[in-house]
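Per Swiss-Prot, the features are as follows:
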BINDING   170, 171, 172, 173, 174, 175, 176, 177  ATP binding site
SITE      363  site 'Required for activity'
């Protein structure tokens, strides 16, 4: 029989008492009262914050949105099919955060920054709050650098600057996404990080966009945030903030960034759905009262920072879909009033074959003219006025039978200018190409070219200049000004090519 000495027992007890660490965890726990339609009503979360993350028993995460007297309304960021009435809910004490860093570039992530492209985990070291305050007045500087879209109609008449918010608005199937994708493709070699946020779109459409960007080599500097139509409404309304947060990280590192929200109409609809399910009082068109703030706090995060903060910028191109051209609806008017201008796409122009279908008459860029390159400003100064006069004359000429020679010439010039502004999808033009195309139209070099051959002439001319007059392109790219030497080279190039074109035609 083993004999146990009392002093040994007391020593063991003493050691265990000394090693004992009191680890008390206080957690804020509640109970699910009701769950369904992506919303959970929770009782007992007394100390929860507005916007705090809460965790359900099955691992689903939600956000506390409605803090009422007797319960908390939480929106679910997952399916939540395993959540049962009476199950526990724990407040995490954290606000929603998004992983950020260089590892995101070239990846496709969901509405919370989690990878969904099947390329494995991302090694991100930093994270930022999903909702963060916009830069203040002192932190900003005015827009002065151009953000070239590569689309002649936009860069010449509705210029965009780095740090600007420019709305792209139009009916469905008018080429809104095409303009955004062309702008991303045109940033190749410009050291701009692009973020494309797809909200409530079909997965096949997003896959098509990814394929286009990959084919054009644009995925190397682009992050795609996709909250697809099949995702919960909560993720669809949070996705734009995720995109802004990712771009913000690069902006505060001193980089130029471009964010495209495609589109904010669907985000507003997702937010309306969530708000109505939370029983928030509906307002105009059944949207909640804070739907303006939903978009203003997002778009105000786009800015051009001052040099003390690194001089980074975030340019925002939000997209809004109108119904039958009605820009006076609630969401379109809200976003028009928040942004620094709008590019209006007309379904009539689109159906008539003028693509991109930019309606220059009602499109405007409020701050972009300060950022427009001098070369474009010099050659395109008159183009908007000429097109406006042409549109007026065209309407008048339908009723008048005999037109004088000057009017006929003006109509012919206007038709050719319109041809210059036509552009195929996914083929943005460089700055020298835009300068050459507009210069040849404004200065009458196309007047004696048959209208049906004008587009072919411009395409051939741009190729000829790139191959035979490379110095012209170099001067425009480096100087950003149409110097006398560049103008001489351009005139020579146009004259030489025109002779060969007319002979072959």
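Each residue, glycine too, has its Cβ placed from N, Cα and C.
Everything Swiss-Prot records as a feature, shown here on the structure.
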residue : record                       : Cβ within 10 Å
170     : ATP binding site             : 26
171     : ATP binding site             : 18
172     : ATP binding site             : 11
173     : ATP binding site             : 12
174     : ATP binding site             : 27
175     : ATP binding site             : 20
176     : ATP binding site             : 25
177     : ATP binding site             : 22
363     : site 'Required for activity' : 22
DSSP-derived structure type at residue 363 (site 'Required for activity'), helix or strand or else coil: coil
Rounded distance in angstrom between the Cα atoms of residue 170 (ATP binding site) and residue 363 (site 'Required for activity'): 11
Distance from residue 363 (site 'Required for activity') back to residue 176 (ATP binding site), taken between C-alpha atoms, in Å: 14
Collapsed DSSP category at residue 176 (ATP binding site): helix
